[in-house]
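Here's the structure we're looking at; comments come further down.
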Amino acid sequence: MISVTAVLGAATMYTRYLILQKLNSAYNLMWPYANFISLIIGLIGCLGMWLVAAFQETSVLIVHEAAALVTFCFGVLYILSQSIISYKSCPQWNKKLICHIRMAISVVSFIAIFPMIICALKVGSLKPRWQPSDQGYSNHLTSAICEWIVAFGFVTFFLTFIRDFQGANVTISTEILDDYGDY
């Protein structure tokens, strides 16, 4: 399921990229490469998510944890960059309220990344089941809560794109070349 989510996330990011590219060509809202760099950052986060799905905790722990770190860090960088881009596209495309909501989600996610990483490093070992009496339980709990805050931040942030996507029509066009079958 996580791998499907990674693909859907990448598709959403690419759709957002196409919409912003079209807007930027019409209104010159931002530095042209800002949108592309944001897309690459987001796609790296999606690749990390796909690796999290491919390498489970119980099989190859180091790959799973490194991929999770990539997912969360690049995901937060993506939503931060998209929040800034949202402000740049205001008022032509976004209302200030949606820009503020996106930035609030981004800031909360950015803040939650630090205790998530620090507490996870303090825990060190991976236990299948934690008990409140276990040493390191509070760090584990803090890291897990922050991880869920960031994950829900991503989902909520992507939900703010709904209105933007309703205002655009993205199509895939196919063209058959006349002389293709001649050889």
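The first residue you see is number 1, and the count goes up from there.
From the backbone N, Cα and C atoms, a Cβ is placed for every residue, glycine too.
The feature domain 'CWH43-like N-terminal' is assigned by TrEMBL to 1-167.
What TrEMBL lists as transmembrane segment is 33-55 (among others).
According to TrEMBL, the transmembrane segment annotation covers 61-80 (among others). Listed as Cβ neighbours of the transmembrane segment (61-80) (distance under 8 Å, sequence separation of 6 or more from its ends, same chain) are residues 13, 38, 41-42, 44-49, 51-52, 55, 102, 105-106, 109-110, 113, 116-117, 126, 147, 150, 153-154, 157.
Same-chain residues lying 6+ beyond the ends of the transmembrane segment (101-121) with a Cβ under 8 Å from its Cβ atoms: 69, 72-73, 75-76, 79-80, 82-83, 86-87, 139-140, 142-143, 146-147, 149-150, 153-154, 156-157, 160. Per TrEMBL, transmembrane segment is recorded for 101-121 (among others).
Sequence annotations record features per position, and here TrEMBL assigns transmembrane segment to 141-162 (among others).
Outside the transmembrane segment (141-162) by six or more residues, the chain places 9, 12, 16, 72, 75-76, 79, 82, 98, 101-102, 105-106, 108-109, 112-113, 115-117, 119-120, 123, 130 with a CB less than 8 A from a CB of the stretch.
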